[in-house]
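K.L.:
Positions annotated as compositional bias 'Polar residues' by TrEMBL: 26-43. Summarising the annotation, TrEMBL assigns region 'Disordered' to 1-43. Annotation source TrEMBL lists transmembrane segment at 52-74, 86-106, 127-146, 152-173, 180-198, 213-234, 255-272, 292-317, 324-342, 348-368.
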Amino acid sequence: MAGDDGSSAGAGGRRGGTEDEVQIQIAGSSKPKTSSTNETATQSSPTKHWHWWLMIVLNIFFLIAGQTASTLLGRFYYNQGGNSKWMSTFVQTAGFPVLFIALYLFHSKSTQTATTSPETSGTKITLIYIALGLIIAADDLMYSYGLLYLPVSTYSLICASQLAFNAVFSYFLNAQKFTALIFNSVVLLTFSAALLGVDEDSQGTNGLSHGKYILGFVLTLGASAAYSLILSLMQVTFEKVIKRETFSVVLNMQIYTALVATIASLIGLFASGEWKILEGEMHAFGSGKLSYVMTLLWTAISWQIASVGVAGLIFVVSSLFSNVISTLALPIIPVFAVIFFHDKMDGVKIIAMLMAIWGFISYGYQLYVNDKKARKTSVSVEESS
């Protein structure tokens, strides 16, 4: 994954050890490449090539759909009278049990555990999951405060900074190489989301005090930095620690870190005393008690769908590309806000959305170029053997 976009991308997959579990070649992985001609030919086979692209498309869909739905539901929760920051934090990871269904579907009979290898210590991976889970819990809490104290457009503007943070972390932690196309993509997507904040900042902060606005700004900025760090650390874990190339690895990463984050959020919910107001909050919810429960339920499920997309794109491509797609979703959210919340759609929002699409196409074309180079290289090796 590291350096994936400045070097040749391995677009195929490979089978390792048995015939039961399909493994995916990580694009441009920084791990040492095998010199085996047969394995190179296998990696570049048409079936594995399209399987790699299918994984990218599916994870993009999961990330955009999940992030859009969860953000809109989070706004709906606050609009209808919800006010618990810890509950909002809790639902961002509490839906992880639904991932056991997907884990069962991707389970390999030939593999006893999908997240460990002979080189991986159980203690080491456990400590990594705990550390990442705690960072995720803190990150979710900061995002919850930001969504409560800031207008959605300003919130999106600050969230766009995560791409810049991730570019820095990817360079130092993941040896990410930058090409003109990648730089163009990062700049366009950052400016695209920034336009949303410029467009609506003049409308004020919905009556909130200046102090709460500043708090929301600082916490959202901190959350964006933490989120970018999480993505880069996940990539390092996939490459340097887990060293397994199966989709079940992605699911296990999400399940166990979400479990830790959920426990931390639950402790925070009770320690803060917010659990005492939940019953009254449910009865006072604008659209009714059933709507309150369903809002929290589907918010939790939506966040897990998005998280699978995030981890999947880190696994298949890189943490930077995962963040590019996450940023791409920011200008898309206002479109659905127009439909469901009757927000106004003006020219600035349309321009922001077009810039986001342009930035996405720029990065996608870089992947295509890398993939094409990789296939030409593998064919040349096969012909010379």
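Note: Cβ is positioned from N, Cα and C throughout, glycine not excepted.
Note that the structure is predicted; figures quoted are calculated from it, not measured.
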K.L.:
Which range wins on Cβ pairs under 8 Å with the transmembrane segment (324-342): 52-74, 127-146, 152-173, 292-317?
P.N.:
52-74
K.L.:
Which of 52-74, 86-106, 127-146, 152-173, 255-272 has the most Cβ pairs closer than 8 Å to the transmembrane segment (292-317)?
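P.N.:
Per the Cβ count, the answer is 52-74.
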K.L.:
Counting CB pairs under 8 Å, which listed stretch among 127-146, 152-173, 213-234, 348-368 touches the transmembrane segment (255-272) the most?
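P.N.:
Highest pair count goes to 127-146.
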K.L.:
Where else in the chain does the transmembrane segment (127-146) make close Cβ contacts, counting only residues six or more beyond its ends and a cut-off under 8 Å?
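P.N.:
For the transmembrane segment (127-146), the far contacts come to 74, 85-86, 88-89, 92-93, 155, 158, 215-217, 219-220, 222-223, 226-227, 229-230, 233-234, 237, 241, 253, 256-265, 268.
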